[in-house]
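Student: This is the structure, below, for whatever I ask next.
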Amino acid sequence: MKFNTFTVTFLSLCLGITGSALAQSGDLNRTILHLDSLFWKAYNTCDVDGMAAFFTDDVEFYHDKNGLTSTKTSMVDAVRKGLCGNENFRLRREAVAGSVKVFPLNNYGAILSGEHVFYINEKGKKEFLDGLAKFTHVWQFKNNTWKMSRILSYDHGPAPYRNTRKEISVSPSQLKQYAGKYESAQAGVVTVVADGGTLKMETSNSQTTLYAETERIFFLKERDLQFEFVTSNGKVTKMIVHEHGAKVDEASRKQ
């Protein structure tokens, strides 16, 4: 999305006059959180010009995986070629509720820190939660304007999975027909056993419990994996494994 004249004027007011008025009234927290929300709105929509408006010319971005990026020009170039360089791939950032804090810097700035998670959006696929990280932003108030001069992104790791699928009840006879041995190129021999109202799946080095989402599709509660049992002429012939909604493996039933 490109900035038009009205948008640029409005953003200038938010960064400058409005920021000054709020700072003078002592409402630093509200000022920084408001500007932070505008920055991440631009990030989530790949509005590169909108993001750039929040950087000082000498901004420095420290990333624990990708290293240091210095200057506004380099930042904008990196975003255009990286984060926003593929229209079929986008990241969506979301703050972890209750983690974001604002700390004053002696009338010249503020530190914003917290945790956030990132969702991956690929064309034709369902959005899924991917990563968790901490962040620290240094905001400086110069020439009646708030801008970020230092950005730190660190402690990146996988985001904890939050299961939203609902378990249903499946008859013992339905569960029994899925029991047996399967074989895939990735997992080798897989044994499926009916166990009460669930299925137990065993490989050479692991055992997991599968819960029924439908009569044919089962899921894990600790990871975004689904197991679809496929039938032909009334008999189960294979099990298809889906991760984040996409097929990642297939195991044929052994006779």
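Note that Cβ sites are derived from N, Cα and C of the backbone, with glycine treated the same way.
Pulled these features from TrEMBL for this protein:
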- 32-148: domain 'DUF4440' (DOMAIN)
- 165-242: domain 'Peptidase S12 Pab87-related C-terminal' (DOMAIN)
- 1-23: signal peptide (SIGNAL)
Student: Taking only the residues in the domain 'Peptidase S12 Pab87-related C-terminal' (165-242), give me the average pLDDT of this model.
Tutor: 95
Student: Just give the helix, strand and coil counts over the domain 'DUF4440' (32-148), going by DSSP.
Tutor: 28 helix, 58 strand, 31 coil
